[in-house]
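Over in Swiss-Prot, the protein carries these features:
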type    : residues                                 : note
BINDING : Ser28, Gly29, Gly30, Val31, Asp32, Ser33 : ATP binding site
Amino acid sequence: MMTYQEIFNEIKNKAYFKNHRHVLIAVSGGVDSMNLLHFLYLFQDKLKIRIGIAHVNHKQRSESDSEEAYLKCWAKKHDIPIYVSNFEGIFSEKAARDWRYAFFKSIMLKNNYSALVTAHHSDDQAETILMRLIRGSRLRHLSGIKSVQPFANGQLIRPFLTFSKKDLPEIFHFEDSSNRELSFLRNRVRNNYLPLLKQENPRFIQGLNQLALENSLLFQAFKELTNHITTTDLTEFNEQSKSIQYFLLQDYLEGFPDLDLKKSQFTQLLQIIQTAKQGYYYLKKDYYIFIDKFSFKITKIVPKTELVKDEKMLEYDSNLCYRDYCFSFMPKSNEDQGQVSIPLFSLSSIKLRSRQSGDYISFGHFSKKIRRLFIDEKFTIAERQNAIIGEQDEQIIFVLIGNKTYLRKACKHDIMLAKLYIDKLEKG
């Protein structure tokens, strides 16, 4: 067991709070978080911080309300702000965790806290690694918990992560009876599996934490050795060995945490990219991958409501700037080779929008889907996403993409009534 002074002596050199003045402490009332609260309260002047308390009452035990009342009383006595939230909905480990961190984030944003501090220690780290091994997690997810990571408008800090539970002083706290319920995997790991494994190897927890550290260093080294590779460039990607491609794609997918592909889905995606089959491929959760001749990109499908928000209406004889272009009905006085003019056979308002599923344009004797037009003309992903569709009287009259404009073919008896002029806005 260590004293708070000994803990402080180790923590101060890590400068966790160097860039923070107001920090929010997640306090459940258990022994770990109560130790964290007392430690930061005692050393807040030396750390040059001011603290606040965030507590979530999960309403799952009869003692929950008395624990909340105690924390409120403690905070009032020590003149510390406290924020409390009551969990609502169907309880599960994940639902409770999501609720807690959404609450912590909202408090940080509303009250200008730049850091959230939690009491995770090395035993929690080992539990997390063992749980992920049991669940069959990927190698990169065996890196465990980080001592500092981005969160909300600042950082999530875990200053106790290098200490074990037995290092923390004895202190008044509440015992959570649900920690003994074996219906939760973490409780089975903590109360059943780890004690048995420690009988085989008393340093098993240290071994798991060393595994997490080395795994983290391994993936950091991989990033440093491959940071010159543009993963989404098909030429560069396919020049790599199959093993490097595997981990490059894994690394790229880390940018889409809610996509969460199964191993079979990941393997299928890798095969599609390796064979460079051009086109759109649906993945899951509204995500798809688009592959063209030169590159690939994963994008979340934009809901129709979002597409509607992006629409603009251009009335006759008015001006409108939309994205990188200015639309008007008056030509420039000087001849400008860059100005595009579009003949209009109606004076109705013109809707400017993004491409939507099923869009097509008439070229006279035949019509063509916009999607097929983009594929045939080999436009890049970025060009397709930035394309502007002009719609008048429920017909697409032009498609503006890249440096090209495609016009609807006029009917034989159409009479031109006006012209629409399009100028690219200068960026400076």
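Just so it is clear, glycine is given a Cβ too, placed from its N, Cα and C backbone atoms.
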Remaining residues near the recorded ATP site, that is with C-beta within 8 Å of the centroid of the site residues Ser28, Gly29, Gly30, Val31, Asp32, Ser33: Val27, Met34, Asn35, Ala119, His173, Phe174, Asp176
Chain-internal residues near Ser33 (ATP binding site), provided their CB is under 8 angstroms and they sit 6+ positions away: Ile25, Ala26, Val27, Thr118, Ala119
Per-residue Cβ crowding (10 Å cut-off), top of binding-site residues Gly29, Gly30: Gly29
DSSP three-state assignment for Asp32 (ATP binding site): helix
